[in-house]
Amino acid sequence: MARFALTVVRHGETRFNKEKIIQGQGVDEPLSETGFKQAAAAGIFLNNVKFTHAFSSDLMRTKQTMHGILERSKFCKDMTVKYDSRLRERKYGVVEGKALSELRAMAKAAREECPVFTPPGGETLDQVKMRGIDFFEFLCQLILKEADQKEQFSQGSPSNCLETSLAEIFPLGKNHSSKVNSDSGIPGLAASVLVVSHGAYMRSLFDYFLTDLKCSLPATLSRSELMSVTPNTGMSLFIINFEEGREVKPTVQCICMNLQDHLNGLTETR
């Protein structure tokens, strides 16, 4: 059996986020001043977390957010980040660089709901979901392979699994679940993975967790909250568990969703 922690963070605010202009993949906008502050606040919030892996979309806003997080880490400042195009935002085709209101008008003209509508040259929701599944399955196989190698190397030696207190893998606030449910105590973690990505992409990935993998949710979290767009630098934590072995789909437990405690008191730049 192997399990790992997965922390997913949306990038910080850009000028186009604030102005409600669609970026997608074709508009590589940097963080705004507020966005850099958000990334720094996220880094301070996560500075005690011992991440073992870091993955980011290869777009500028996610790269800058990842840098803002890791440069404030007590343990991960020198960690190598793997930039992966599978973590990019949904491609919006002809409406990239245009106002969100234009996308809504096009969807209305096509008599479709905005999230479902695919503008010319854009990705369908299914295409975005398949990218997310492809990355997630790659990540799971990577962690399982590394866990097997560690087990072979350390046979006869004390376990080298990560510390499994949730306080060690995520600084949960008072209003969130404080432990992982387990029938056999608190099993070790093979890894703690940080991913920085984008709002529409994350919503699609979380839908896969909920719909296909039957992700369990905290009692205080509703399905609508799970499917809402994550705010800039909002954080979500999942425990991915291969208790039935690698040939069976993992179980997914959501510990918290769209957490933004780190933004309390942050002054927005005008």
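Note that Cβ sites are derived from N, Cα and C of the backbone, with glycine treated the same way.
Swiss-Prot marks one residue of Lys50, Lys214 with the annotation N6-acetyllysine, and that residue is Lys50.
Closest by Cα distance to Glu89 (active site, proton donor/acceptor), from the recorded positions His11, Lys50, His198, is His198. Most Cβ neighbours within 10 Å among the recorded positions His11, Lys50: this distinction goes to His11. Around the Cβ of Glu89 (active site, proton donor/acceptor), the number of neighbouring Cβ atoms within 10 Å comes to 25.
With respect to their backbone Cα atoms, Lys50 (N6-acetyllysine) and His11 (active site, tele-phosphohistidine intermediate) stand 20 Å from each other. Here the C-alpha separation of His11 (active site, tele-phosphohistidine intermediate) and His198 (site 'Transition state stabilizer') works out to 6 Å.
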